[in-house]
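*Asks:* Taken from Swiss-Prot, the feature active site, proton acceptor applies to Asp13, supported by sequence analysis. What Swiss-Prot lists as active site, proton donor is His41, and the listing cites sequence analysis. What Swiss-Prot lists as GTP binding site is 12-18, 40-42, Arg305, 331-333, 413-415. Among the features that Swiss-Prot reports, Mg(2+) binding site is placed at Asp13, Gly40. If you look up Swiss-Prot, you'll see Asp13, Glu14, Gly15, Lys16, Asn38, Ala39, Gly40, His41, Thr129, Arg143, Gln224, Thr239, Arg303 marked as IMP binding site. Annotation source Swiss-Prot lists substrate binding site at Val299, Thr300, Thr301, Gly302, Arg303, Ala304, Arg305, citing sequence analysis.
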Amino acid sequence: MPAIVLIGAQWGDEGKGKATDLLGGRVQWVVRYQGGNNAGHTVVLPTGENFALHLIPSGILTPGVTNVIGNGVVVDPGVLLTELKGLEDRGVDTSNLLISADAHLLMPYHVAIDKVVERWAGSKKIGTTGRGIGPCYQDKIARIGIRVADVLDEQVLAEKIEAALEFKNQVLVKIYNRKALEPAEVLENLLEQAEGFKHRIADARLLLNQALENDEAVLLEGSQGTLLDVDHGTYPFVTSSNPTAGGAAVGSGIGPTRITTVLGILKAYTTRVGSGPFPTELFDEHGAYLAKTGGEVGVTTGRARRCGWFDAVIARYATRVNGITDYFLTKLDVLSSLETVPVCVGYTVDGKRVDEMPMTQSDIARAEPVYEELPGWWEDISGAREFEDLPAKARDYVLRLEELAGAYVSCIGVGPGRDQTIVRRDVLAAR
């Protein structure tokens, strides 16, 4: 069976956890392929239990699914162990979690540098979560990072930590006037933490390819969203990895020809956390309504999300750069009780109409939305389970978004619960 990629098609927080949870019972493997604990997935079970996950794949809540933290992820050992304990304390079986030997470890000096650099940036800050994600990826690209497998060889680990701190301490002490970190202390803490996850280390790329050869279904789960991709997002206000579909193959070790379905997650409106351009952002009572009704607070950071109307320009862009075959539209229920629902169908930049994503950062920052007004609906749709159960105006809204985005809306979320989903097309059987 081929692999399926699940990605955010906006600026993250689209509801990927709900989509993964929906498909989790029908796949054998769920893989997180990039990012770190700078993003969160929320899963609400039929019992009403709410789980917020940051590093661990959403499939951990589905019995019989093997979950993998892939080589493209940066892993904070302390966060990993805390998250595991939190799940186990609530009765979740975590024995089905594996960690790629090639994933990079997020170290204390990454967090220290991330926080101090962002603080010094002042008004020019990017809006990082301060979790050390960027500095960890910097070390990975510079080939001086520490990988998960390094904890299996204490001598190698000690040498790598000492070499890293020889430079990192110079930065912390001489540039930012911060206290130096002791190599022996960092090593001791990491070795102690490693006792809690060493048994999970695996050759993930081998296991995943063998699974596909055995006709098992593999779901590749991205964090953040397309517009936060370091290459294809609104740079420099982006993350340090590739949440887009191309990153799924690199971050898991699966060949790209194995992937036949790319499921994009779209919120029925748009949100963003942190700094950066946001053409449809609202500063009026409508923005406040979306934030309150949609519960728009970041799972990981606790920061309030910026809210705006649906942006079809970025949806079309996401469809193209990811090769999206299907969409999961979430939070349609939040739009109930609005008289009209504006949809951004294009921009004006310096008075000129633009229907596609502007090429430059400065043009995106100056983009003004061009809206198409769609009629709203007043009915409560949280109980709808078939597309025909939706009011006609809600159906028209979905079909118009589908037309503008350029890919079929296969699933629709009408509430936070696992069962509050309309399935128009089975994405696992579609190809």
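Along the chain as shown, residues are numbered 1 onward.
The backbone N, Cα and C atoms fix where each Cβ goes, glycine too.
Could you place the listed features in the three-dimensional structure?
*Replies:* The Cβ of Asp13 (active site, proton acceptor) has 27 neighbouring Cβ atoms from other residues within 10 Å, across all protein chains displayed.
According to DSSP, His41 (active site, proton donor) is assigned to a strand segment.
Under DSSP, Asp13 (active site, proton acceptor) is assigned to coil, being neither helix nor strand in the three-state scheme.
The number of other Cβ atoms within 10 Å of the Cβ belonging to Gly40 (Mg(2+) binding site), over all protein chains shown, comes to 19.
Counting every protein chain shown, 28 other Cβ atoms lie within 10 Å of the Cβ of Gln224 (IMP binding site).
DSSP assigns Arg305 (substrate binding site) to coil, not to a helix or a strand.
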*Asks:* Within 10 Å of the Cβ of His41 (active site, proton donor), how many other Cβ atoms can you find? Include all protein chains, please.
*Replies:* 25
*Asks:* Checking the contact step here: among the recorded positions Asp13, His41, Thr129, Leu332, which have a Cα within 10 Å of the Cα of Arg305 (substrate binding site)?
*Replies:* Asp13
*Asks:* Among all chains shown, work out which of the binding-site residues Thr42, Thr129 has the most CB atoms within 10 A of its CB.
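*Replies:* Top count of Cβ atoms within 10 Å goes to Thr129.
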*Asks:* How big is the IMP site in terms of the longest C-alpha to C-alpha distance among Asp13, Glu14, Gly15, Lys16, Asn38, Ala39, Gly40, His41, Thr129, Arg143, Gln224, Thr239, Arg303, in angstrom?
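*Replies:* Among the residues the record ties to IMP, max Cα distance equals 34 Å.
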*Asks:* What same-chain residues, at least 6 away in sequence, bring their CB to under 8 Å of the CB of Lys18 (GTP binding site)?
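*Replies:* Listed in sequence order, they are Thr42, Val43, Val44, Phe328, Thr330, Gly413, Pro416, Arg418, Thr421.
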*Asks:* Gly12 (GTP binding site): which of the recorded positions Asn38, His41, Thr129, Gln224 is the nearest Cα neighbour?
*Replies:* Gln224
